[in-house]
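What Swiss-Prot annotates here:
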BINDING   98-100, 129-132, 139-141, T187, S319, 324-326  substrate binding site
ACT_SITE  H188  active site, proton donor/acceptor
ACT_SITE  S318  active site
SITE      E331  site 'Important for catalytic activity'
Amino acid sequence: MKNYRIESDSFGEIQIEEKFYWGAQTQRSLNNFKISKQKMPKILIRALAILKKCAAQVNYEFGDLEYKIATSIDKAIDRILAGEFEDNFPLVVWQTGSGTQTNMNMNEVIASIANEELTGKKGGKFPVHPNDHVNKGQSSNDSFPTAMHIATVLATKQQLIPALNNLLTYLQDKSKDWDKIIKIGRTHLQDATPLTLKQEFSGYITQIEYALERIEDALKKVYLLAQGGTAVGTGINSKIGFDIKFAQKVAEFTQQPFKTAPNKFESLAAHDALVEFSGTLNTIAVSLMKIANDIRLLGSGPRCGLGELHLPENEPGSSIMPGKVNPTQVEALTMVCTQVMGNHVTVTIAGSNGHLELNVFKPVIIYNILQSIELLSDSVNSFVTHCVKGLEPNIARINTLRDKSLMLVTVLNPHIGYDNAAKIAKEAHKYGITLKEAAKKLNFLSEEEFDKIVVPEKMIS
């Protein structure tokens, strides 16, 4: 049989299962928002705990919290950060648009843990009060966006940047010995002039290098924290200097260059910094979609496609066609890219709907951004491990397709003119003969002249 205790808020008393540490406002949220199962991301909960830890330290240093209260709050948060109370943060994303219930969830759990340590009994509001002590000098309106920024930075630095650097390393490693592999280029999915396989992959490498640069540029505004703006940006009930000292504490704890936002009205009412960052994630998804699709095309076959790359064979690909193997890692990555693009649409709409002094789409903004970061990170790591590491060029196929290409005729333009070169290409295509045979047949060049000019190795620089 379940045991319950009674907690209360301004709406009155409410029953809470005894084993949990949350209070009345968390329980009301559980009762009122039974909408799907997407919970607040763990890294956001961690960011909120870091926020409360730093706020309590500043409040103590400012003389606004007694030592006993501040210490008990700090110890409680350390236990949360150690993962001891993960099941005490059950709220879904689909709640109030300011994230108030999740902010109170954190306040209540911290106070409850602290009270248990001090009195032997969890819950309640004495001696540690969730609002008066844990939430002191704060509002959900500045705390939740601050946690959004902290979580975004931590997830990016811990997950996404390492994943992209890993992809960059393996693309560079794979292609470094491919400078002698001359293949036919393709534009409009039609044959074009030659290039090396290394040159082709250098485009992908640069896309990832630019992605990493874009992340660093977009993070500059995400480092700015709303804390200290309190309810509407004026800083009511927050001491002068709290915002600066708080940001310094967060920067010290996370080892990231957080600063207080210069204008708190903007940081509460708008989330342009996160919309911009989501745009960067969207651009990364665009880059990865292009890279993955190219590898998919170059690996098509095995006998009737381009077949210029051998992709690793990881699992059977068909329930009806024996022996079929598909580019499954490419398919997983490209599906992730479409999800990230869709997430950016959601973030864009949510970001554009900040009304007057507060944007109230905060949970859906951070949920989609953190999902995009996680999906990109995980899918890129999987793509590297199960695809990129095992890529190998099919030299024989590359040479065959290159030597058959009509577009090698381009190099003849300076010697016999565009129109005559076009006649050679059309003649070769019409009669199924080589360019050399067509050039000789049309009396434009001898075989010796043709061989001297049409040298793929001289067409790649």
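The backbone N, Cα and C atoms fix where each Cβ goes, glycine too.
When the Cα of K324 (substrate binding site) is compared against those of the recorded positions H188, S318, E331, the shortest separation belongs to S318.
There are 13 other Cβ atoms within 10 Å of the Cβ belonging to D132 (substrate binding site).
Secondary structure at P130 (substrate binding site), as computed by DSSP, is helix.
In the shown protein chains, 20 other C-beta atoms lie within 10 A of the C-beta of T100 (substrate binding site).
Taking H188, S318, E331 as the recorded positions under consideration, the smallest Cα distance to D132 (substrate binding site) is found for E331. On a Cα basis, E331 (site 'Important for catalytic activity') lies 23 Å away from T187 (substrate binding site).
Spatially, by CA atoms, the recorded positions H188, S318, E331 include one closest to S140 (substrate binding site), and that is E331. The DSSP secondary structure for T187 (substrate binding site) is strand.
Cβ neighbour count within 10 Å across all protein chains ranks S98 highest among the recorded positions S98, S318, N326.
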